[in-house]
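S.K.: Structure below; questions to follow.
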Amino acid sequence: KETCMRLFSPSIDLRGFRAISREAARKRRRVESEVFGDLCRLLPLRASVRDHLDKPSVIRLALCYIRLKALLQDATEAAEESEVYLTILEGFVMVVSSEGDMMFLSDNVSRYLGLTQTELMGHNVFDFIHPCDHEEIRSNLRLSAVHESFLFFRDFVVRIKSTLTFRGRSTNLKSATWKVLQCQGRARACASPSPSSCLLLTCRPLPLSHTLLCARTFGSQHNMDMRFTQCDHRVSSILGYTPRELVGRSIYELCHTLDTICLTKYHINLYSKSQSVSGHYRMLVRGGGYVWVESHSAVVPAARGSKSRNRASAKAERGPAPAPPRPPACCSPVDLCPCLTRSSALAPSAASTTWT
């Protein structure tokens, strides 16, 4: 009997220890779930969204909102009409930290990328940006914190992952395609309470639909060195040239000398990303003076692969007549493939041109 008790006593103690350990683990998980539940209810999200968040997502989103609260500590609450701005914008709002972390995205981001707000917030933007555009993102994020708050304007074009198909359906992230976004906004550096900086951006997919519906439009076809090969007769009402006068001429010949940097950047983006938006630049009018234009472009390969179609829109406005421009030395004729162009313009004080 003594031998049997010696054999069974350790197993009895072990079973009791396991039972106590299981009960302690069950209590710990219950307390942990309650804490995560309380934290989840504090997130400024809809209840239908909060119900589908896992624990890592709750932590990730909570950290984002804490950082965002510190960034906007001096800001006032926006009016209810601010929700209408996103509809007018035809895009979404994004706040990116200096390290590339996406601190905030407006909830309408899923309409353009297929990815929801909660799927993107807290992740690094470099995980979703095209590898060839990483350096451009870094250059726009590069900002040193100083003793005061400063605002720096940013305007660039990047390619980002999108799970939306051409038919509007959503696919998984592994099958995502690249969507071209025009990103405009401000870089902000603050010294207090801790040195930090971020980008506040409005992101709009290209091409912009509203720019293709302007009242005054003209169409033209270009080589990839931006030389006219064909032009619509409606160009006469905006620039004063006949279509025959523009054939063989480059846009660089009509661009103001001081605006060649803007046009060259737009041209490079068009080469590398197939879609681009230029800043405002001046084009020479036949009778003298200049027209302010802003081009929204997209290159679409033709069936044989030797042709392309380039869509753009431009806003034009007559201004003073500076000295005639000189063709920039940085532009050499490449003549890769043709591009088709359509342009539109409004009133002379705010004309608009669409390049296709």
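Glycine too: its Cβ is placed from the backbone N, Cα and C atoms.
According to TrEMBL, the protein carries these features:
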DOMAIN    16-69  domain 'BHLH'
DOMAIN    81-148  domain 'PAS'
DOMAIN    223-256  domain 'PAS'
REGION    303-327  region 'Disordered'
S.K.: Under DSSP, the domain 'PAS' (81-148) has how many residues in helix, strand and coil?
M.R.: 33 helix, 13 strand, 22 coil
S.K.: For the domain 'PAS' (223-256), what does DSSP give as the number of helix, strand and coil residues?
M.R.: 13 helix, 8 strand, 13 coil
S.K.: In the predicted model, what is the mean pLDDT computed over the domain 'PAS' (81-148)?
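M.R.: PLDDT averaged over the stretch: 84.
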S.K.: Run through the domain 'BHLH' (16-69) and tell me, per DSSP, how many residues are helix, strand and coil.
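M.R.: Secondary-structure composition of the domain 'BHLH' (16-69): 46 helix, 0 strand, 8 coil.
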